[in-house]
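*Asks:* Taken from TrEMBL, the feature domain 'Acetyl-coenzyme A synthetase N-terminal' applies to 36-88. The domain 'AMP-dependent synthetase/ligase' annotation in TrEMBL covers 95-483. The feature CoA binding site is assigned by TrEMBL to Arg198, Arg199, Gly200, Thr201, Thr316, Asn340, Ser530. Taken from TrEMBL, the feature ATP binding site applies to Gly392, Glu393, Pro394, Asp416, Thr417, Trp418, Trp419, Gln420, Thr421, Asp507, Arg522, Arg533. Residues or ranges marked as domain 'AMP-binding enzyme C-terminal' by TrEMBL: 538-619. Look at TrEMBL and you will find Val544, His546, Val549 tagged as Mg(2+) binding site. Per TrEMBL, N6-acetyllysine is recorded for Lys619.
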Amino acid sequence: MTQSPGQGQALDNLLTESRTFPPSAEFAAQANARPELYEEAKADREAFWAKQAERLHWETKWDQVLDWSNAPFAKWFVGGKLNVAYNCVDRHVESGHGDQVAIHWEGEPGDSRAITYAELQREVSKAANALASLGIGAEDRVAIYMPMIPEAIFAMLACARVGALHNVVFGGFSAEALRTRIQDSACRLVITTDGQYRRGTPAPLKPAVDEAVAGAPSVEKVLVVKRTDTEVAWTDKDVWWHELVDSQPDQHTPEAFDSEHPLFILYTSGTTGKPKGILHTSGGYLTQTSYTHHNVFDLKPDTDVYWCTADIGWVTGHSYIVYGPLSNRVTQVVYEGTPNTPHEGRHWEIVQKYGVSIYYTAPTLIRTFMKWGADIPAKYDLSSLRVLGSVGEPINPEAWIWYRENVGGGKAPIVDTWWQTETGAIMISPLPGVVSTKPGSAQRPLPGIGAKVVNDEGVEVEHGGGGYLVLDEPWPSMLRGIWGDEERYRDTYWSRFGEQGFYFAGDGAKYDDDGDIWLLGRVDDVMNVSGHRISTTEVESALVSHPTVAEAAVVGASDATTGQGIVAFVILRGGAGDDAGGAEAIKALRDHVAKEIGPIAKPRQIMVVPELPKTRSGKIMRRLLRDVAENRAVGDVTTLADSSVMDLISAGLQSDKSED
Ligand code: PRX
């Protein structure tokens with residue numbers, strides 16, 4: 001929720017929640033994480049992180065754990081060299097686990113494929129050789145725009161193997177969104193598919209790439225995986241994956257790169273219209289994703305079956321499908337499709353089929369499962385599940401309890417994990433087996449992580465108090481900047497509490513009486529829709545780029561399923577919207593936003609208004625618009641330049657509330 005911490009619904013709700021669930025003695029006895037971890041990290045933070053880095057194979061060991069002399073640009077494990085893909089694949093084969101299944105892939109139409117570590121090594125090697133044959137090597141940027149198929153993971157690991165940076169763009173983004181992300185980082189290659197399955201039917205994907213590439217001159221080649229057998233237009237830049245990759249040798253010698261060698265760029269929404277290319281590097285990132293995956297999910301590589309339901313288009317897919325889990329020799333499920341295709345029990349059917357023991361998902365999906373009914377999971381054998389995770393937005397206590405009872409059999413610990421694209425890995429979460437969990441709270445920073453809640457002046461608030469979440473110590477998987485924009489990096493994250501040297505996360509938070517942290521949502525103009533970050537400005541720019549729109553203001557309103565829903569207020573140009581209730585004009589606008597950004601950014605509701613509420617200095621007062629969007633009495637209007645505007649808005653609303 002976008003609201004000032006210390007006031008409003010979320011806080012009131014949370015205050016009534018006081019249940020705690022201690023870990024069972026049985027779970028605690030076998031847990032990877034021990035209470036001593038907290039002590040160890042506190043005693044010597046750098047020594048602690050050095051020990052965690054030993055989880056990996058280093059070709060050359062580092063000579064300095066952390067160099068923070070050029071803050072806010074950190075260097076971790078300085079002088080160390082490693083190959084990230086070797087750590088995620090080859091070393092498991094070399095240690096005798098080549099026959100272990102790495103990926104149980106489940107396609108949406110019901111096809112499936114089990115990929116062992118030995119096979120993964122061959123596939124990644126072939127893909128790496130293919131990249132090399134296209135002249136792609138260290139520091140080159142490669143865009144990956146694909147559905148959740150094994151080749152997407154091969155492609156990411158192949159980039160890591162040759163030292164190229166991947167720039168994964170979510171397959172639900174539009175051609176225009178893809179083009180800006182390709183152009184900003186000047187990608188030389190795009191890897192994509194002919195099409196993707198969407199709720200049981202094949203939908204073309206390559207036409208969006210063709211459109212994007214037409215406006216992105218840096219792209220030399222497009223590598224296309226055949227997934228749906230959809231007929232596609234062909235250009236002289238296009239190469240079929242099955243022709244190029246499958247004819248490559250299946251051996252490839254990985255080169256060790258510097259610990260600070262860039263690993264990937266991932267674009268995320270900020271408070272302006274232009275997405276930020278978040279840059280991550282190798283050694284520190286892999287150390288923290290590996291450490292957190294091991295301790296937070298309690299992974300036992302010989303017996304567990306892990307499933308993270310995210311898409312690789314988001315950071316959760318990067319850190320908790322690809323890098324963390326594979327570095328820990330996971331056996332995991334990767335599912336291509338939507339949770340209700342072909343029926344609403346699909347996830348539970350998959351859990352039963354593979355005996356999934358660790359399941360990591362988002363609150364919005366848990367609330368959707370709640371809507372579909374507890375009788376659906378009840379039809380399946382979910383007794384294999386022993387750890388449940390949540391990520392992406394605050395989880396409301398009701399959903400938490402439902403998850404525990406109906407998915408976790410009333411016993412599996414739930415880890416509510418707070419982190420961001422920028423943090424690269426989990427930062428705040430209970431450790432299962434150590435911490436008594438509390439529904440709705442992410443609780444405490446992990447061992448080795450510094451986080452606190454501060455007031456406007458940067459002073460830590462008392463227990464029971466609310467304020468802003470900051471990170472007060474550099475951490476290994478922290479972003480190393482915004483691609484091509486050092487100033488924006490400093491401004492966005494390091495200026496709000498510059499004096500104190502804190503990283504400002506953009507989230508409101510509070511401490512309860514025990515000092516546990518409760519997240520309260522964004523305090524800036526970023527919305528959180530189904531766990532995805534979308535900036536109000538980005539949607540506004542899309543709206544005003546349509547010829548019928550004179551002005552637009554967008555707010556995130558609370559939504560029972562998606563956390564927040566996008567609500568737009570638009571002033572139309574003369575004549576537009578004169579049709580029956582403005583319905584056609586509104587539909588055209590929703591489609592336009594889908595085209596500019598992607599269907600996930602389509603406003604839930606568009607209201608045509610005669611004016612927007614502005615202060616005397618011309619700043620739109622979103623607080624008032626949020627009141628309207630959430631059907632509340634409109635708050636204090638005294639700072640409005642024209643206080644009658646809100647009456648005008650309420651009186652003349654034409655609105656459309658379709659839900660596709
Ligand atoms: O507002 C917080 C929310 O998601 C934001 C980060 O979004 P993104 O970079 O897309 O990464 C999402 C997946 C890591 C945060 O600033 N958020 C994420 N996890 C939680 C959360 N809010 C509350 N509780 C969480 N567990």
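For all residues, glycine too, the Cβ spot is worked out from N, Cα and C.
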*Asks:* By CA distance, which of the binding-site residues (Asn340, Trp419, Val544) lies nearest to the residue listed as 'N6-acetyllysine'?
*Replies:* Val544
*Asks:* Between C-alpha atoms, which of these binding-site residues comes nearest to Arg522 (ATP binding site): Arg199, Thr316, Asn340, Val544, His546?
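*Replies:* Out of the listed candidates, the nearest Cα belongs to Thr316.
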*Asks:* Would you mind ranking the binding-site residues Val544, Val549 by how many other Cβ atoms sit within 10 Å of each Cβ and giving me the lowest?
*Replies:* Val544
*Asks:* To the nearest whole angstrom, what is the C-alpha distance linking Ser530 (CoA binding site) and Pro394 (ATP binding site)?
*Replies:* 11
*Asks:* List those of the binding-site residues Thr201, Ser530, Val544, Val549 whose Cβ lies under 6 Å from any atom of ligand 1, in sequence order, or write none if there are none.
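*Replies:* Checking each Cβ against ligand 1, none of them comes under 6 Å.
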*Asks:* Which has the fewest other CB atoms in a 10 Å radius around its CB: Gly200, Gly392, Pro394, the listed binding-site residues?
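*Replies:* Counting other Cβ atoms within 10 Å of each of the binding-site residues Gly200, Gly392, Pro394, the minimum falls on Gly200.
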*Asks:* Within 10 Å of the Cβ of Thr421 (ATP binding site), how many other Cβ atoms can you find? Include all protein chains, please.
*Replies:* 19
*Asks:* Quick one: what's DSSP say for Gly200 (CoA binding site), helix, strand or coil?
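*Replies:* It is coil.
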*Asks:* Please identify which of Arg199, His546, Lys619 has the densest Cβ environment, defined as other Cβ atoms within 10 Å, among these recorded positions.
*Replies:* His546
*Asks:* DSSP says what for the domain 'Acetyl-coenzyme A synthetase N-terminal' (36-88): how many helix, strand, coil residues?
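*Replies:* With helix first, then strand, then coil, the domain 'Acetyl-coenzyme A synthetase N-terminal' (36-88) has 22 helix, 11 strand, 20 coil.
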*Asks:* Where does Thr417 (ATP binding site) sit in DSSP terms: helix, strand, or coil?
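*Replies:* The three-state answer is strand.
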*Asks:* Near the Mg(2+) site, what residues other than Val544, His546, Val549 in the same chain have a C-beta no further than 8 Å from the centroid of the listed C-beta atoms?
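*Replies:* Neighbours found: Ala542, Leu543, Ser545, Pro547, Thr548, Ala550, Ala552, Val570, Leu589, His592.
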*Asks:* Fewest neighbouring Cβ atoms within 10 Å: which of the binding-site residues Arg198, Arg522?
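*Replies:* Sparsest of the binding-site residues Arg198, Arg522 by Cβ contacts within 10 Å: Arg198.
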*Asks:* Going by DSSP assignments with H, G and I as helix and E and B as strand, what are the residue counts for the domain 'AMP-binding enzyme C-terminal' (538-619)?
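*Replies:* Summed over the domain 'AMP-binding enzyme C-terminal' (538-619), the classes give 27 helix, 27 strand, 28 coil.
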*Asks:* Whole-number Å distance between the CA of Arg199 (CoA binding site) and the CA of Gly392 (ATP binding site)?
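*Replies:* With distance taken Cα to Cα, Gly392 (ATP binding site) is 23 Å from Arg199 (CoA binding site).
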*Asks:* Rounded to a whole angstrom, what is the C-alpha distance between Gly200 (CoA binding site) and Gly392 (ATP binding site)?
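*Replies:* Gly200 (CoA binding site) to Gly392 (ATP binding site), Cα-Cα distance: 26 Å.
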*Asks:* Using C-alpha positions only, work out which of the binding-site residues Thr201, Asn340, Trp419 is nearest to Val549 (Mg(2+) binding site).
*Replies:* Thr201
